[in-house]
């Protein structure tokens, strides 16, 4: 890699952070490399190997003697210790070392937890002091009364695990010196607005300014109260100042991988950081990043949020598909994590695959609406049948998309050469990148565009609460500066995870609209989504342990 010693900040023997400012200052006059996003069709609950495909593509491009870097999200401890496991890839296409990658890395998520929870500490402490002191006593401490409404608190506590018992809690049940007695909650750390800010900030100054705008509550006159009002924004930034530098790891074949930020895509922005992409585009000829879940969720946010915030324009988008997922969308039984795969998936069924390709075609068309060249990667499994693969290739090519079969899980970079060649060719073609909406488009119209053009809905409905917030936001002069970050299930194009393929004749229900002014977007919430996932009955932590002779962790996957 083209890095100087001063730009590398070692963390042990296998991981480092990169001083993004020194790199970007030194490389300011260089042209950017090719920018590639890896997305997917609507996944099964098992996932379709998108992270594995990112690693495989990076390795394949390396085998073609291309200067390449990967840029992926840091995994949350919640899924790692739950059913899903880590997100390092698999087989011969992984980000290594796995244990460091999966168990905290350099502490970025911990820094975000401390910063976020410090905001809650400041809020609840202020509420206690305002309850116990007169205005004159507050003034003696250089404080003014914020008059926080106890039922209009926007912030929660966060923890990096899936802990359903913490979704609804009561705090402050002691005496008057034990804080206010209020209903509160915990969310998973990667859903924090601070994680979104880390993902989209262009530099430290941008991150500092965004943290100051985070709304933590409203007062009794319904005016927003920010971290700056609590005078905690500087300290929150201090907790995150090291986290702003991307983490450097590698594939199994030695290509560099930048790991930075980790917001989920169904409940947050679902992207690795803008800063990691800026660094990758300057130090390599190809920067391969990943957006969470399917193109309806992760790619849509990459397209209309991340690229808008960063100013970067992609050259190509990869859509990862598996025969397994196509069969699921075509009528096969839905696989359940932790249970044996239904036997139907091991048998040839071209009809199911062809029917499932309707979902794939929908995502191809979504990528085309962004003006980007699509490449379909068939992430090959040993149960795939030649006739099933032929059907997918025929349908994709007829739709005008490049398609490549990749066996990177089994063969590493050597199995991804066809995949890499397709991406190289796509990057050489001109594209006409354009956003789905401009920021001066009214929020209601934006939601309608996303629902109809990306999800395939007939229209949008609103609960009375959501309609009230929509009306209020229409009058907010800052609305024109905010993007739109939709929240919905990742298991269907619709809001209903049971509806597979390309659902028809449905309306997208918006039950609430949240505002994240620090991150710079509003969040329309479709369907029932929790910011705190639950831990299942057979979690991964049951199989994680430590070798007492070597001290090495075992059982992480």
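Along the chain as shown, the residues are counted starting at 1.
Cβ from N, Cα, C; glycine included.
Features of the protein shown, as given by Swiss-Prot:
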- 44, 45, 46, 47, 48, 49, 50, 51: ATP binding site (BINDING)
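Features as recorded by Swiss-Prot, highlighted on the structure.
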residue : record           : Cβ contacts under 8 Å, 6 or more apart
44      : ATP binding site : 324, 325, 328, 334, 335, 491
45      : ATP binding site : 334, 335, 336, 337, 491
46      : ATP binding site : 324, 335, 337
47      : ATP binding site : 84
48      : ATP binding site : 40, 41, 320, 321, 322, 324, 325, 379
49      : ATP binding site : 89, 90, 320, 322, 379, 409
50      : ATP binding site : 38, 39, 40, 43, 290, 320
51      : ATP binding site : 72, 87, 88, 89, 90, 95, 290
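Within 8 A of the CB centroid of the ATP site residues 44, 45, 46, 47, 48, 49, 50, 51, the other residues of that chain are 40, 43, 322, 325. The DSSP secondary structure for residue 50 (ATP binding site) is helix.
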